[in-house]
């Protein structure tokens, strides 16, 4: 092979999908190509015209526009176009124009089809849409997990059919039912609702030990309003709930119906060694120092999960649960030291914690919703409670929020009425700068106290938001502040100077744009979901977002978040503080290619958001 053909071969070998070709096929390919030159502004293909060639950009740049003239892509060296016509009716699907002086390799359709027959990987590249390639990439990243608790949902378990009694049945009859079915608990139903659970422990402790007559109604000795688990929850979430509340049975519900019962024994059969024990150890601690010692195990636990191929979604939920358990225990310790709260309160978590998407090193973001009757003197109690919890969280590895979004800040420790007025102000008189700093408060979840206080606030926001188009338009415009770090020709745009120079900020320019998109769509559809994935699915269910768009964004989120998570795991192993800045050099060619696919999806969905909410008219 002469030097010129060898140069063409080496160029093709460096770019997908030619890098997947067998060496023999790659060696034959240069002699099959022709080289074509187009001056800047020259049209290469016209949408609808016949085309029987695959084009490879050797140098320069090409712009693709659809039949309506909307920009689809700008391509640089190594990228291909023209193939949709080869896979369908032979007519170009886009208009291609050289926007710089451009050299192209022209691969005849016959050669293209022969390569499709010869190489399955080559054919797969073209047969799949960009979003399907991303889904395959996710399957490649998550080969198989060694932690069954993390990828088995409660609905996948062999649930025991529910055995039930009514509240008025005697404890003797309930015991007979348990004996007849060889079970250790029964669910108590009243008019189809789960109102309690009766276990053999209840019978021993509340009937036999207390000498109650066997005619005692179940209502008097059952555990009322028991914790339940949705059939869609992961097994580890069910086990964490059991561990946190020291219970051994959970009714499983779905669609408002009782589906069965799951026990701690059922779950522990899946796995005998689990991060769940970290939660158990937190619950045993009685001092801040003890909690800090246990919390210090979290980064290493996460590293092991990543190495076991847990997904970013699974790890985010687990880190959130550990953080929830820690913060809840700190609130218990604070109340034990300060005495009972003078008025009802709801301690709420915000941001990634509220969305169940926390990572190692996440800031603490929290607030207090107080009963309206709180007095200034009583607020002093909550100021001290907030200070205790915030300082202890920092000691346990959850840094103070640099923006001051903590319950220690009087602005975020307010009566319910004040919170309502603040949210109404954001909805009814949206100001860009104020909204930019308030979006975190639309990601809120009650952690401890009177949930009803937070629920009242969140219900009002969900009901009112769809009625305020100006608010949604401003929120949408803010969601476009940070685009993915992808340049004009799909090259990565790296961070500039400073300690993170020449890296990709996966949090602020990859994950945050998806989170922002999901928030806008959820509020526009009046839904209460908080997690990003749940919001995308809810928006699709209400028709605000297409099913395809929701799936694409969910796949992009998992891919980007997983790369960040793996990077953080490597930092933990190296004894470094985890961050969000990933060098492209850390990524394989496969990962770089699919990361560009993920960023392209995000950019496309941002464009769709801008069009839907007419953000160009927002001041």
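Sequential numbering from 1, following the chain as shown.
Glycine is treated like the rest: Cβ placed from N, Cα and C.
Annotation comment: TrEMBL describes 17-116 as domain 'Cyclic nucleotide-binding'. Residues or ranges marked as domain 'CBS' by TrEMBL: 158-214, 222-278.
Helix, strand and coil counts under DSSP for the domain 'CBS' (222-278) come to 19 helix, 18 strand, 20 coil. Confidence for the domain 'CBS' (158-214), expressed as mean pLDDT, is 89. Summarised by DSSP class, the composition of the domain 'Cyclic nucleotide-binding' (17-116) is 25 helix, 39 strand, 36 coil.
Using DSSP to sort the residues of the domain 'CBS' (158-214) gives these counts of helix, strand and coil: 20 helix, 17 strand, 20 coil.
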